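A.B. asks: Here it is, the structure, as structure tokens.
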Amino acid sequence: MKNVEAKQKEKIQNLKMLPKHIILVRHGESEGNKDTSAYSTIPDHKISLTEHGRAQARLAGSRLRDLISSHGSSQDWRVYFYVSPYERTRSTLREIGKSFSKKRVIGVREECRIREQDFGNFQVEERMKATKETREKFGRFFYRFPEGESAADVFDRVSSFLESLWRDIDLNRLNNDPSQDLNLIIISHGLASRVFLMKWFKWTVEQFERLYNPGNCEIRVMELGRGGEYSLAIHHTDEELREWGLSPEMIEDQKWRINANKTDLNDHCKWYLNSFFDNELDSDEDVKEEDIDSDDDSKDIFLDTES
């Protein structure tokens, strides 16, 4: 009984150390969003916000403050910002920051791994249009821009960032007091945000390619569930998730995560199994050699013996 109580106490303590929210924010409207010809004369990382983009960021700051202050278990909440080094994201943070007093902000970190996808130095407008048409035919995740990156490349560096993020949380490098609600706000770009969610929720390439880009200063909120999992379905409605491109199975998974424990994850993959296996056999004895198509090379992925 004491062991059970001790484990429960440890679980509660661990949950207190986890961020209450992890919030993804795309930058405000940029000069490149307004006029794509800007990319042919201005380096991507130097593209600035428009006046409308700055107004969007100020409004986003107000919305973020209201969200955090009204959805936490403690009024003594804090925020920690991660920001892409691009000018448009840094400017977005400056405007968002006007809604937060210094005592609420425990840190700001510029993080290169959440920067925009590299489309390749200066972008000639006519050439980029043709290149993006080719990307649609090839596939948005694996297509690599000449002298630039693919979404798969962005996935690799965002994955590295996530590993660092979890180490920071586990080792309390963010200097968070457990009595305070910690909220992480990540100010980044459209594709980087989608790839972040893909990595976090273990979405497939096919699921990623369903997703739509967030709008300028759109906020996507991952909230901590009761068992230690994060879910988009706590703050966002089914309709919102559908508008983002999530399938019914992906939305159902988000709802499951609201009450899920981390130890339950391995048992919650039937939908994923079914995408690879037509049926689930109870034992090895149910597999008969004559039932296997001898012309099907797919069986070669399995070893002949177990080691």
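Each Cβ is built from the backbone N, Cα and C atoms, and glycine gets one as well.
Automatic, uncurated: that is what TrEMBL annotation is.
Annotations per TrEMBL:
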type     : residues                                                      : note
ACT_SITE : His27                                                         : active site, tele-phosphohistidine intermediate
ACT_SITE : Glu116                                                        : active site, proton donor/acceptor
BINDING  : Arg26, His27, Gly28, Glu29, Ser30, Glu31, Gly32, Asn33, Arg88 : substrate binding site
REGION   : 284-307                                                       : region 'Disordered'
A.B. asks: So if I draw a 10 Å sphere around the Cβ of the residue listed as 'active site, tele-phosphohistidine intermediate', how many other Cβ atoms end up inside it?
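C.D. replies: So the number of other Cβ atoms within 10 Å of the residue listed as 'active site, tele-phosphohistidine intermediate' is 29.
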A.B. asks: For the substrate site given as Arg26, His27, Gly28, Glu29, Ser30, Glu31, Gly32, Asn33, Arg88, which other residues of the same chain have their Cβ within 8 Å of the site's Cβ centre?
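C.D. replies: For the substrate site, the extra neighbours are Lys34, Ile47, Leu49, Thr50, Gly53, Thr92, Asn216.
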A.B. asks: How far is it from the residue listed as 'active site, tele-phosphohistidine intermediate' to Arg88 (substrate binding site), counting Cα to Cα, in Å?
C.D. replies: 6
A.B. asks: Measuring Cα to Cα, how many angstrom lie between the residue listed as 'active site, proton donor/acceptor' and Ser30 (substrate binding site)?
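C.D. replies: The residue listed as 'active site, proton donor/acceptor' and Ser30 (substrate binding site) have their Cα atoms 13 Å apart.
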A.B. asks: What is the maximum Cα to Cα distance, in Å and rounded to a whole number, among the residues Arg26, His27, Gly28, Glu29, Ser30, Glu31, Gly32, Asn33, Arg88 annotated as binding substrate?
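C.D. replies: Across Arg26, His27, Gly28, Glu29, Ser30, Glu31, Gly32, Asn33, Arg88, the widest Cα separation comes out at 15 Å.
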A.B. asks: Please state whether DSSP places Arg26 (substrate binding site) in a helix, a strand or coil.
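C.D. replies: Strand, per DSSP.
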A.B. asks: Are there any residues at least 6 positions away along the chain from Gly32 (substrate binding site) with a Cβ closer than 8 Å to its Cβ? List them or say none.
C.D. replies: Ala38, Tyr39, Ile42, Asp44, Ile47, Arg88
